[in-house]
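Enquirer: I have a structure here, written as structure tokens, and I will follow up with some questions on it.
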Amino acid sequence: MSELENAHQGPLEGSATVSTNSNSYNEKSGNSTAPGTAGYNDNLAQAKPVSSYISHEGPPKDELEELQKEVDKQLEKKSKSDLLFVSVCCLMVAFGGFVFGWDTGTISGFVRQTDFIRRFGSTRANGTTYLSDVRTGLMVSIFNIGCAIGGIVLSKLGDMYGRKIGLMTVVVIYSIGIIIQIASIDKWYQYFIGRIISGLGVGGITVLAPMLISEVSPKQLRGTLVSCYQLMITFGIFLGYCTNFGTKNYSNSVQWRVPLGLCFAWSIFMIVGMTFVPESPRYLVEVGKIEEAKRSLARANKTTEDSPLVTLEMENYQSSIEAERLAGSASWGELVTGKPQMFRRTLMGMMIQSLQQLTGDNYFFYYGTTIFQAVGLEDSFETAIVLGVVNFVSTFFSLYTVDRFGRRNCLLWGCVGMICCYVVYASVGVTRLWPNGQDQPSSKGAGNCMIVFACFYIFCFATTWAPVAYVLISESYPLRVRGKAMSIASACNWIWGFLISFFTPFITSAINFYYGYVFMGCMVFAYFYVFFFVPETKGLTLEEVNEMYEENVLPWKSTKWIPPSRRTTDYDLDATRNDPRPFYKRMFTKEK
């Protein structure tokens, strides 16, 4: 037992004086030093006894074990109706994904609409207007830069004022950006500025929404409820496509101002709905609002404040947060030097979020109408709706696959599926789409084949990488550094989103459907990376994930790892930490 653990005497009382440092996150640090905190060892040696912060001792270990048994029995007796309230609350938080998806779905159509091109495009010598590749790329992609900045900067509002208030604030910022876009008359840079500001808001949403869902939801439903965020994104994309289809025949600004006006309406709806959502109990415990935390837990789990479930969860929160307080506040440097294995975990989050973009999803979602116009379709808006339907329906399957098959299996099999789809899609586009040259009509059969495999690709993406990337990063970090780590990971997602969105018009002009081979190569790399570096987090609490990293479990054996609190006497920990097999056999053969 570490000095830090010995120092802990029990949970905080509601009357305890508690720091409101916005960077205080939970980490079971064992015997390790908390890097980035000056003089940690001296501070620990001279630390006041925890009894100076609290007024009663926590339950003995045997009482906690009995409490855990009572909680397990309580969970077994819970019906689906008992989880209805927390599910509805998480859906309301996940509605932030709908706001993001709506923007993605509508902008893909705006760049093909006549009034939008007339107002914000350039004029040729013959008087016709057009959107250049540069201007199109900037107006589409700058949103992602705003998101990257918002994810890092505005996500701190969740640490300072709570996840709930922080989320409502970033939605207001998003609304301001939408108002600026609607008010644009004929200056493309005004619309451009509005896109940046709305991106700031969405960047904050993408960090705070999954964070709040994962901290409010019961662990047995956490993967499913966090996946609802991605479900809402796909629903927003689909309805955005439908709205563009409904307004495309107008000849004035109704084409694009009506979809933008609905963006504003959705943001107002979310702000109102958020008033009914409970605050994160983890955050409330951290800032010393113990009674509020109990009420939030009881409300979310549809039980009483003195129930075994609430008592056990509060003890877990208070013990780990008090231990973290003695270690000091986290610095940004701790994402690199922290323990257990914080650099590896930070890098893993950055890689997973980057690779999610490098699957090529935004190639289809941002430029779907443009792509299928090139395939030879007369009404590419209709095909965009088909893609939107496939995306939305497929995401329903993810609510099952994420918790049924686990995070690793979803990512690995998702890579395999998308690789196969890209091979066919790109090969047909390169060799069969224009049998008589690009200046001649395209082959209808080849075009239809490409659409079918684009739909297969979207199914593979929507059931695997789309939701799992968010679920995985929400489960991989201790509360102590969670906000910082998630914001860095999300920023990587947005930066790659910007690069892909901006350069896609230029790349497709140069190499056309060879572009599919680029994404295929990224998925081959992703398969190997996930296999060797991404551990399974299914069914684990945030504290148990920390313990897994402390014990140096091999990622490809992490599915066999059992937390210390659940182990039997015959459990072999070394079997999960060592693998004598040659490198190539680890991936392609089962261990005997």
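Using the three backbone atoms N, Cα and C, a Cβ is placed for every residue, glycine included.
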Enquirer: According to Swiss-Prot, do Phe116 and Tyr189 sit on the same side of the membrane?
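Expert: According to Swiss-Prot, which assigns topological domains, Phe116 and Tyr189 fall on the same side of the membrane.
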Enquirer: Going by what Swiss-Prot says, which of Asn31, Asn249 is noted as N-linked glycosylation site?
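Expert: Going through Asn31, Asn249 one by one, Swiss-Prot flags Asn249 as N-linked glycosylation site.
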Enquirer: Going by Swiss-Prot alone, which of Asn126, Asn301 is annotated as N-linked glycosylation site?
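Expert: The candidate carrying the N-linked glycosylation site note in Swiss-Prot is Asn126.
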Enquirer: Check the candidates Lys28, Lys61 against Swiss-Prot and report the one noted as ubiquitin cross-link.
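Expert: Checking Swiss-Prot against Lys28, Lys61, the ubiquitin cross-link entry points to Lys61.
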Enquirer: Cβ under 8 Å to the topological domain 'Extracellular' (103-137), counting only same-chain residues 6 or more beyond its ends: which ones?
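Expert: Hits for the topological domain 'Extracellular' (103-137): 143, 184-188, 191, 198, 202, 233, 236-241, 243-245, 247-248, 250-256, 259-260, 263, 362, 365-370, 373, 380-381, 384, 388, 501-506, 509.
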Enquirer: Specify the count of other C-beta atoms within 10 Å of the C-beta of Asn249 (N-linked glycosylation site).
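Expert: Looking across every protein chain shown, the total is 10.
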Enquirer: Could you give the residue numbers and ranges of same-chain residues that sit at least 6 residues beyond the topological domain 'Extracellular' (244-257) on either side and whose C-beta is under 8 angstroms from one of its C-beta atoms?
Expert: 105-106, 108-110, 113-116, 119, 182, 369, 381-382, 384-385
Enquirer: For the topological domain 'Cytoplasmic' (403-409), what is the mean per-residue pLDDT, to the nearest integer?
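Expert: Reported value for the topological domain 'Cytoplasmic' (403-409) is a mean pLDDT of 87.
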Enquirer: Tally of helix, strand and coil residues over the topological domain 'Extracellular' (103-137) according to DSSP?
Expert: 20 helix, 4 strand, 11 coil
Enquirer: Would you list the DSSP helix, strand and coil counts for the residues of the topological domain 'Cytoplasmic' (279-361)?
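Expert: Counting residues per DSSP class in the topological domain 'Cytoplasmic' (279-361), I get 60 helix, 0 strand, 23 coil.
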Enquirer: For the topological domain 'Cytoplasmic' (159-164), what are the DSSP-based totals of helix, strand and coil residues?
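Expert: Taking the topological domain 'Cytoplasmic' (159-164) as a whole: 5 helix, 0 strand, 1 coil.
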Enquirer: Quickly jot the same-chain residues contacting the topological domain 'Cytoplasmic' (474-490) by Cβ under 8 Å, restricted to those at least six beyond its ends, or write none.
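Expert: Hits for the topological domain 'Cytoplasmic' (474-490): 23-28, 147-148, 151-152, 155-156, 158-159, 203, 206-207, 210-211, 213-214, 222, 226, 282, 286, 320-321, 324, 327, 330, 332, 334-335, 338, 342, 345-346, 348-350, 352-353, 407, 537, 540, 542-543, 545-546.
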